[in-house]
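TrEMBL has this to say about the protein:
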type	residues	note
DOMAIN	35-62	domain 'C2H2-type'
DOMAIN	63-90	domain 'C2H2-type'
DOMAIN	91-118	domain 'C2H2-type'
DOMAIN	119-146	domain 'C2H2-type'
DOMAIN	147-176	domain 'C2H2-type'
DOMAIN	177-204	domain 'C2H2-type'
DOMAIN	205-232	domain 'C2H2-type'
DOMAIN	233-260	domain 'C2H2-type'
DOMAIN	261-288	domain 'C2H2-type'
Amino acid sequence: ILDQEDPEPAQMKEEQEELCTSLEGENNSHRKKTLTCEFCGTAFKNRYSLKKHYSSHTDEKLFACKSCEKSFSYRAQLKVHMRTHTGEKPYVCTTCGKRFSNKSTHKRHIANHKEEKPYSCGTCGKSFCRHDNLVFHMRTHTDEKPFPCSNCGRRFNFKSYLKVHMRTLTHTDEKPYICNTCGKRFSNTSTHKRHTAIHNEEKPYSCGTCGKSFCRQDYLVFHMRTHTGEKPYSCKTCGKSFNKESNLKVHMRIHTGEKPYTCKTCGKSFNKDSNLKVHMRLHTGEKSSS
């Protein structure tokens, strides 16, 4: 299950904030000077603005991530990016103890404790301190999906969901996030983070029935359903129940006829990613491991 927030703008803002912090000392020493761009002659009041301007001429990215090969113009940007691989969360909320990997998300969280929340949802009553957060939340009620895939037409609630979708086997099969421990690759950062937790984090949540431990409480909740047989997600069309919401979504395609996974070779479409992978073996000649 993907995170509800759209992470891309927050990450960009965080990179800018930390870059500004790392260059603050340099800015102070040049505050009274006028710095000039050697390419076009434009003048700037501080070195940070000048360096940021230089990228419009060179677009040079000297700092490369060794885990996913993504490159950055500044070392501070790389430092922030590396936290998507290491799971480092240096920013701690002093009110509730929750930790964050970037400064901007940390600031928004603190606002939940301190600021007023004037933007209320007319459907469920939940309140927000920012109007754009209310807009994102409303899509959970209206099922508005303003971001369509140009290849298959499938629509998404958030731009980040569309970006992850574009990396699937259906379109690019891009998997830029690599586990430094075992080398496994992932198409999105949330799945990568959950995987690295298997190697790095403690597993404080234990099953009282079989003793299996988990690093997250929601994993334990899902696991417990294998013992209790609980299936809280029901199909409104046929009444069939499922233990995971994702399984219900896949099932619904039987009723809607949606087939979002398309073979690039012959154009045949499928309602499951796994069915497409099996089909692709007809073209590649790969044999099933079973």
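Yeah, the Cβs are placed from backbone N, Cα and C, and that goes for glycine too.
Heads up, TrEMBL stuff is auto-annotated, nobody curated it.
Sorting each residue of the domain 'C2H2-type' (233-260) by its DSSP state yields 12 helix, 4 strand, 12 coil. DSSP states for the domain 'C2H2-type' (205-232), grouped as helix (H, G, I), strand (E, B) and coil, give 12 helix, 4 strand, 12 coil. Cβ atoms under 8 Å from those of the domain 'C2H2-type' (233-260) belong to residues 1, 152, 154, 170, 222, 225-226, 269-272 of the same chain, restricted to positions at least 6 beyond its ends.
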